[in-house]
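According to TrEMBL:
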type   : residues : note
DOMAIN : 50-173   : domain 'RelA/SpoT'
COILED : 181-208  : coiled coil
Amino acid sequence: MEQFKRFKDEITRFMMMYKFALDSLETKIEILKEEFHFLHDYNPIEHTKSRLKSPESILNKMYRKGCDISFPGIRNSIKDIAGLRITCSFVSDIYRIAEMLQIQSDLTIVETKDYIRNPKPNGYQSLHLIVEVPVYMSDRQEQVCVEVQIRTIAMDFWASLEHKIFYKYNESVPPSLLSELKEAADSAAALDKQMERLHNEVLEIKENRMENAAPPEGTKRIIIRDQEYPIPAAFLQLIDGVQGKE
């Protein structure tokens, strides 16, 4: 009985590491999301969704792979115990977010699979990253892997329906449906390109209007991180006066 309790505690603590890694990564994403919105008045992240594999699912995968059933064996063989899906508006946002994660000094990108530039044969598109996240336990520090999938709304919609269809047919999908799914994936990719083009055109129109518009009376324009802000002239004079006294 004591041995069973000890084993149960080990499993619980093992799974907690992955939960903490997910919590840490989600916090980082939320910080990047808020800061990006502040700097650029635009949010590249539509929503996020996290998941943690169950112990039963982990063991089934280990048996299928014929791997050693031990905690070190699980950590070395299964990199997607913890998963985070980030859904964006546009394809360019996907690579922007991946770059923001890559420059985080305490994160390590250990694997990248780009199914956007190289879609799967069935049409599936997404950017997959395996990210090592530091987790600080009470007695040690661990590097824990989290799988991050970054995709557009259109990619996510297609992947969700494709998963439901395969589940309904118990993975034995008729060839005619497979062909239609591939066509739908191509249509989703074309839609992504069209919407990004429209988005860029709107941004260009907005920038041109801002350049040609006169600032409100009594204000001056200042540029901070590529963003233009109208600031009251009296406030700028006050700052200049303070700096002059120093």
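Placement of Cβ uses the backbone N, Cα and C atoms for every residue, glycine included.
Outside the coiled coil (181-208) by six or more residues, the chain places 89-92, 119, 122-125, 152, 154-155, 157-158, 161-162, 165, 173 with a CB less than 8 A from a CB of the stretch. Across the coiled coil (181-208), the prediction's mean pLDDT works out to 91. For the domain 'RelA/SpoT' (50-173), the number of residues in each DSSP class (helix H, G, I; strand E, B; coil) is 46 helix, 39 strand, 39 coil.
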